[in-house]
Amino acid sequence: TTYFEGMSGSNCTQATEFNLVGFTEDPATRVTLFLLFLLTYLVTILGNLGMITLIRASPLLHSPMYYFLGNLAFVNLCSSTIITPRILVGVLLGRKGMAYAGCMAQVFTFDLFVVTECFLLATMAYDRYVAICHPLLYPLVMSPERCSRLVTSSYLLGLTNGVGQTISMSSLFFCSSSTIDLFFCDISLLISLSPSDTTLSLIILRTSSSLLGVPSMLVVLVSYIAIISTILSISSAEGKCKAFSTCASHLTTVSTFYGALIFMYLIPRSDTSRGGDKWAAVLYTVVTPMLNPLIYSLRNQEVKEAWRRLRKIK
């Protein structure tokens, strides 16, 4: 057994598992939450798989925007599967323990897909910027080769983040009594729980947020400032509506995803005022992956038309 002596001089045993705090201990409420999360997960799986299948099967959707959307659906599918099944087991069976190795694996995969999604959303914002602000250059700028490189870069940046965060976590010591006040292994909470020196881990976390998270948010912000400015300069009301409809779905997705992340990680507050963190985490880990395919399918005429054509063929 490995022991650690902290600055206070007290010994603790190396953790083999972490305790994850659930939502409630009330049996009736737990059943209700289980059904809600189960329904959400089923809609997420069916919606994202359906979007991927439709994009691959319909020639009408073989364009850069839907190429990026297909990858976003894949990332949403993966990120939801990393988190939601564990929530379902915890809510239904009351299991709060999660093995150390499983927690590290969750840190790696979740951090990988979160950063990948950030850059995919930034890429989609840039795609809409070129399409609306420079339509004549669009075929040249968003060529298949460049689109492929942009998507590959998003995954590689996500992988870099996942590996870096996991390496930093592997050097930390955790006591066997460690309890995470959340329903998944969040890296910022894990760092705060460690009695060992967390300087390097905090530096890696903050550097990653600065070099990966902030630039992707700035790309989205600058792109949409330019897009809105261009739309407002269009003389006809019909032209404005058509231009805005092409990016409204993406703007809704971006607002939901980044809004929850900003609330969770960037708004300073005391430990006693973090009651909303759990539900903010639910928003970007569980709800957003479900909403994305619904938003794009319900608000997008091309997706609706592709679905109608596919049904006629069958």
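From the backbone N, Cα and C atoms, a Cβ is placed for every residue, glycine too.
So that you can see what the record holds, here are the features copied from TrEMBL:
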type	residues	note
DOMAIN	47-296	domain 'G-protein coupled receptors family 1 profile'
TRANSMEM	33-55	transmembrane segment
TRANSMEM	67-93	transmembrane segment
TRANSMEM	99-122	transmembrane segment
TRANSMEM	172-193	transmembrane segment
TRANSMEM	213-235	transmembrane segment
TRANSMEM	247-267	transmembrane segment
TRANSMEM	279-298	transmembrane segment
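Among residues of the same chain six or more beyond the transmembrane segment (33-55), those with a C-beta under 8 A of the stretch's C-beta atoms are 23-24, 61-62, 66-67, 69-70, 73-74, 76-77, 80-81, 84-85, 87-88, 91-92, 286-287, 289-290, 292-294, 296-297, 303, 306-307, 310. Count of Cβ pairs under 8 Å against the transmembrane segment (213-235): among 67-93, 99-122, 172-193, 247-267, 279-298, the largest is for 99-122. Sequence-distant neighbours of the transmembrane segment (67-93) (same chain, 6+ residues past either end, Cβ-Cβ under 8 Å): 20, 22-23, 30-31, 33-34, 37-38, 40-41, 44-45, 47-49, 51-52, 55-56, 106, 109-110, 113-114, 116-117, 120-121, 123-124, 127, 147, 150-151, 154, 183-184, 285-286, 288-290, 292-293, 296. Computed over the domain 'G-protein coupled receptors family 1 profile' (47-296), the whole-number mean pLDDT of the model equals 85.
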